[in-house]
Amino acid sequence: MAATTTQAMGSLPSGLGICTTAPDIFYLPELVFGGLVWILVASNHVVPPNPLGWVMFVSVFCFVMTFLWMIIFMAGCHKNSSGWAAADFAYHGLATFFYLSAAVILAYITLLRKSVGPFKVYQIDIAAVVFAYVATLLYFIHTILSSIRWKHF
């Protein structure tokens, strides 16, 4: 039987422990890719404003909430409560749903704008679409691992 250095699934990490445990290791990549979506969409003229406004809302909301969630976990405010494990699963599930809807909308708008405007804007939009889908994948993996942790609480 091999010894492991990871934390048990039935507990929530705090401090720098979030940088070494299974679901919580995704906080920083979620922030990086979500921030890239935010920056890339904001760097272009937001046309049409309604669907791309949703993309901006999702990227900003998830960036701020993930940052706050990471700070709460680093500070140990969760007190290793199963309620926080459930809330972690619920938040990341909601963020996955939001990012998936935003990524699909962003891809659709990018396809519509393919022949309109400068090619550089199209390339920036393509990068934003790719990063939105990567962020969706990261949030999805975090959701799955958070649900497993919540189940073992």
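One-based numbering along the chain as shown.
Cβ atoms are placed via backbone N, Cα and C, with glycine included.
Annotated features in TrEMBL:
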- 18-151: domain 'MARVEL' (DOMAIN)
- 25-46: transmembrane segment (TRANSMEM)
- 52-77: transmembrane segment (TRANSMEM)
- 89-109: transmembrane segment (TRANSMEM)
- 121-141: transmembrane segment (TRANSMEM)
Practice task
Express the predicted model's confidence over the domain 'MARVEL' (18-151) as a mean pLDDT, rounded to an integer.
Solution key: 91
Problem - Counts of helix, strand and coil residues, the domain 'MARVEL' (18-151), according to DSSP - result: 112 helix, 0 strand, 22 coil
